[in-house]
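Have a look at the structure that comes next, please.
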Amino acid sequence: MTCGHEWAREEEAPAGRIVKDAHGNVLTDGDCVVLIKDLPLKGAQVLKGGTKTKPIRLVDGDHEISCKIDGMAVGLKACFVRKA
């Protein structure tokens, strides 16, 4: 997966957690989300705010959301998205 941000391992939450978006809505597998701000990817690419994703998967790790945007697999933090 591609992302411009990395977080330390000690910031991870325990398994079985509830994932909430930037507005406090609970996210589940299969939800579609919208980016709330521009996010840099590795290299010179940028994901624009307002971009809608395909249905998401919640995963363990430093990026709680795994999804596809424009055919590219991307890992996202829940604090940068809102439920569509």
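Using the three backbone atoms N, Cα and C, a Cβ is placed for every residue, glycine included.
Taken from TrEMBL, the feature domain 'Protein YjdM C-terminal' applies to 19-84.
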With DSSP helix as H/G/I and strand as E/B, how many residues of the domain 'Protein YjdM C-terminal' (19-84) fall in helix, strand and coil?
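Split into helix, strand and coil, the domain 'Protein YjdM C-terminal' (19-84) gives 3 helix, 25 strand, 38 coil.
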For the domain 'Protein YjdM C-terminal' (19-84), what's the mean pLDDT in this predicted model?
94
